[in-house]
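See structure below.
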């Protein structure tokens, strides 16, 4: 689960199709305006521009094909010409060129010398501007392409974090907490709290950020054989958070992929500045929350806490935010789906049907706070200004 208070104003949402709709609407209006200005030659001029645009895109694709075929044929495509062709030529360009060829050969379409000259100049100007990068995509378009195609650094780190760590740890978390709580103090929350600072600065110990957050002890370890490593150990830590003479305890850690983002921003060869780093942190949070919410094994077993980096001078910011999230979870109402009763029938005491109804219901349908089945949770609004954060080593 993610902390959602203030999230809408910080975590970027997926881009919509508004630019496409606006461009299509303006294009149609301009065509209508051009037709009203000169309806007699509108059809002829529109055909010329369609011809120019199609030829321009085809020539540009031919230039791309020359590079891929002459330089990268073996390394990237294993000598398969059909793959090179598919990578360089879009379907509508091929169909447009076929239509133009048929119209010129059999449709009786012809252009004057002046028209051919105009179209040639138009194609030349397009190719020159495109080669100089003037017609290249805007930064926002590149960002959208990377998000849609899942090509951002954050997407890879989020999936790596989930598959290489959270997918093992979260499903087994309730068992480890049960083992821990049977001999020690009960935790304030049964979830794994993952901290994600916006500045991607991940300390080795939370005590370095806030003295009110104190390490208590480790949960029982999970050992698995993974990728040739025998008995690989996965550990989670229990921390105590003190505030106003009250003590809370929970399983807490930072999201270790943030260390990668921070180190990349420190390397000039990575081409990764501070602004890009913050955007990737937010995308990591959004992607990770989507992955975990779609995982029945991990749902309701985590809490992502995004930490704002604008809390200079607040020495106990971390403990205050964690406690706010713990208190918010106390007010959540769990609505688990009704389960089939077990085969074993538990006897119900006969003294008073109403008095013993709760005991009979519990005996027939035992509770499971960390069920992997989908659940609905409602929490009353509280003034949380910080975002969920995740912190974990894997």
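Yeah, the Cβs are placed from backbone N, Cα and C, and that goes for glycine too.
Nobody curates TrEMBL annotations by hand; they come from automatic prediction.
Not measured: the values here are computed from a predicted model.
The stretch that TrEMBL tags with transmembrane segment, taken from the ranges 18-36, 37-55, is 18-36. Listed as Cβ neighbours of the transmembrane segment (87-107) (distance under 8 Å, sequence separation of 6 or more from its ends, same chain) are residues 50-51, 54-55, 57-58, 61-62, 64-65, 68, 77. Sequence-distant neighbours of the transmembrane segment (119-140) (same chain, 6+ residues past either end, Cβ-Cβ under 8 Å): 48-49, 51-52, 55-56, 59-60, 111. Taking H, G and I as helix, E and B as strand and the rest as coil, DSSP gives the domain 'STING transmembrane' (45-150) the counts 85 helix, 0 strand, 21 coil. Distant neighbours of the transmembrane segment (18-36): 42, 45-46; these residues of the same chain sit at least 6 beyond its ends, with a Cβ under 8 Å from one of its Cβ atoms.
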